[in-house]
Amino acid sequence: MMGRWNLLILVLFLSSVIVPSESDCPAGFITSDEGCIDENDCAVDEDYPEDVGKCGENTLCFNTNGSFYCQCAKGFRSSTLTVNFTGGSSATCRDINECSDMKDICGPNAICFNTIGNYSCICDDGFVSTTGVESFRYGDNVKCIDRDECEEENICGQNAACVNTPGGHHCVCNAGFGLKSGKSTFSGNEEQCEDICMTDKTICGNGTCHHEATGHYCACHAGFTNYGNKTSRCTELNCDVFKDANNVKEVGHPPLTVVHIFKMFIVSHFCFILPKPLSQLIPIAHDFMRQLNKSCLDLTESENPKELDGDIMLKLLLSIIDKVLSSGVFNTNKEVSTFLDLVEEALRLIGPFVKSPRTNISSNHAELQHLLHKGSVIPQGATTLSSKQAQLDIQLEVAAGHPSYYPGFTTVSLLSYSNLENSANGFSGGMKPEKNQSFKINSKVVTVAVSNRNTSHLKEEVKLTLYHLKKSNQTSHTCVFWDSSEKGGSWSARGCEVVESNMEYTVCSCNHLSSFAVLMSLCEMKDKFELQLITWVGLSLSLICLFICILTFSMIRSIQSPRTTIHLHLCISLFTANLIFLAGISRTENRVGCAVVAGMLHFFYMAAFCWMCLEGIQLFRMVVLVFNTSFKTLYMMAGGYGVPAVIVAVSALANAEGYGTDKYCWLKLEFIWSFFGPVCVIISVNIFFFLITVWKLAQKFSSLNPDLDKLQKIKAFTVTAVAQLCVLGTMWIFGCFQFEEGTVVMSYLFTIFGSLQGLMIFVMHCLFSKQVREEYGNILSRCCAPQKKRYSEFSSSHSSKAHASKSTQDTGESHI
């Protein structure tokens, strides 16, 4: 028994020595009969098939000799972005969203659907696959193409046509049919097309709708038209404006008085126009208006109106505007109203017949930008029309008007006038100015016309940019329009406001359309009546005194000499200038006549200064020269009238537009130095000769044997001439500020000095002269004394004159 146990112990001992144990195999191996063999770490436990194994979910396990590694299954990605990982790592496999990572994976016209570990592609609605399969993936060589729904029979119902579109379709009613909802298209059987004359009662507007095989047509009522397009809505067309324009007359002038006769004598036909109809002044305008009236009536009365040639008519319209504006026929606000209304209606009438969608035409006095849109659908969005002087920003739906009155087209016109502001200036009765405030147009006048006839209150305001004629930051600007209903026509700010204004331009926003401009606010001169009274009384007194001086120097032979000849022509120049000033300084109605008045004032005032200069030269010659101190008459005339004539001629040739302003018939402010420049030169020359004369006189007075009698007379002449120069020179120093933006003080000083000119000359050259006083006494005594006594006094007077004449010759006064 003991031996058996020993044998068993021996066997066990030998087994432990010869056969290795499992703990002796390295990691990843297991013990088998053959020894240590690789353990399949990726093997699936048959007892637990749902076990995810060592790699986790959505993975693939790869066994290796003694180990294993994991990879994410197709359609999944490692959270650590590594391709291989082990089960002991933190990596997990997450689904790849092919639809977001690869946007075009399905191709065009297909929708991608992501699934766990995969994706599928399905064609979009209205498209089918080229192979007929419902779902596919990239690489299956499948594309989605459009399915033509219009191949299905009767898909749109009766009286409609199917229109296939990529991925869909829509239905359109046949000509002459429409939908009750007013829609232009539909799909499926949601609506049915019916007779359009029944479904849309407003399709013809002010006309009767008729149905025919080719569709419908509108028969317009009297006074309405669809401009020859039978399928368009009938809208109102007022032809009376073209007929009435031929009968517009100017407002009558006030009754003539002595003052008016004086003014007419000076300005003649330049400033006085007999009342005539507008069409008689411009015969071609009459023909054009008659043609427009005929075309207008043809559109409203004929079933088949003749189509106008819009391009030719536009050119003719601008030609008429040129002739009207260049003729200067606007003297009343009624004429301006008629002209602007006529132009606006003409643009509305001609606009639909222009061929080009955008038209730009310019002439000498006008510039036109025209926009035309045709179609059954009302245009939408903003549009801009620009010219050199203005810019219009407007919404097309505003220009088209309400849909129920849409005529099948939309027109927008922007017409700029080059010189209408001259005729339309001053008509600002609708502005309600403050005290001492006036207005002046500071932009070009523009007319805005659209096909929409209801423009009195727009649902959306339009913006108009107007560029300034005079650039200044010192004045305020107001946006205005021409209101024909305001007492025959006036500028008004109602419905318009300033959005932006600077030195260059003003942006206006208005809720209506018409003709527009920008007014510049001015401060009128105070005490205007008082100044006019001083001017009339003072200049009348000066004219009387100058007239007496002219008679004195021309008819009293005993005092005639070269010096009195100078005085005579000085008085003639001032008398003529003051008379023209009194009669025509404010006659600005006619531009040509006003320029002539300004030119004549320029000439005669310049002549007065030239004759004063000649007197200074004459005094200089008397003091410096001993012999031959007199001037020849021809030389004096050349200096007194020739020099001013040359100055005025050169000035007129250089800038004819510089003569005449909006308020006075005088030189414009920027052109004023054509007068003041020569005047300053003449005054400087006079001062130079007077200084030398005074210096020479002082030397002669201090000589050993001075001729005191002669020197005293020359001294008196010099003092008188200097005083005369001071009076006239001082007057024109204040005159610099009189005609443009003058102050009250300067205006009063200029008016007083100007009124005293004639009186001063009469006092200095007549009343201060002893010889002239004696002659006045002789004349008065002959007029008042009895006949016999007058004869005896005449004899003694004659002898005394002969003695005085002899004495004068001895002193040399006759040479003065």
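Keep in mind that glycine also has a Cβ here, set from the backbone N, Cα and C atoms.
Residues or ranges marked as signal peptide in TrEMBL: 1-23. Look at TrEMBL and you will find 95-133, 146-183 tagged as domain 'EGF-like'. Feature annotation from TrEMBL assigns domain 'GAIN-B' to 357-526. The domain 'G-protein coupled receptors family 2 profile 2' feature in TrEMBL is assigned to 531-769. The feature transmembrane segment is assigned by TrEMBL to 533-556, 568-586, 634-656, 671-695, 716-734, 746-768. The region 'Disordered' feature in TrEMBL is assigned to 793-816.
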Could you tell me what the rest of the chain brings near the domain 'EGF-like' (95-133), counting residues at least six beyond its ends with Cβ under 8 Å?
58, 73-77, 140-147, 149, 166-169
For the transmembrane segment (568-586), give me same-chain residues lying six or more residues beyond its boundaries with a C-beta closer than 8 angstroms to one of its C-beta atoms, as numbers and ranges.
259, 262-263, 265-267, 271, 535-536, 539-540, 542-543, 546-547, 549-550, 553-554, 593-594, 597, 600-601, 604-605, 607-608, 611-612, 615, 636, 640-641, 663-666, 754, 757-758, 761
Give, as a single whole number between 0 and 100, the mean pLDDT over the domain 'EGF-like' (95-133).
88
Count the residues of the domain 'EGF-like' (95-133) that DSSP assigns to helix (H, G, I), to strand (E, B) and to coil, and report the three numbers in that order.
4 helix, 16 strand, 19 coil
Which numbers of helix, strand and coil residues does DSSP report for the domain 'EGF-like' (146-183)?
3 helix, 15 strand, 20 coil
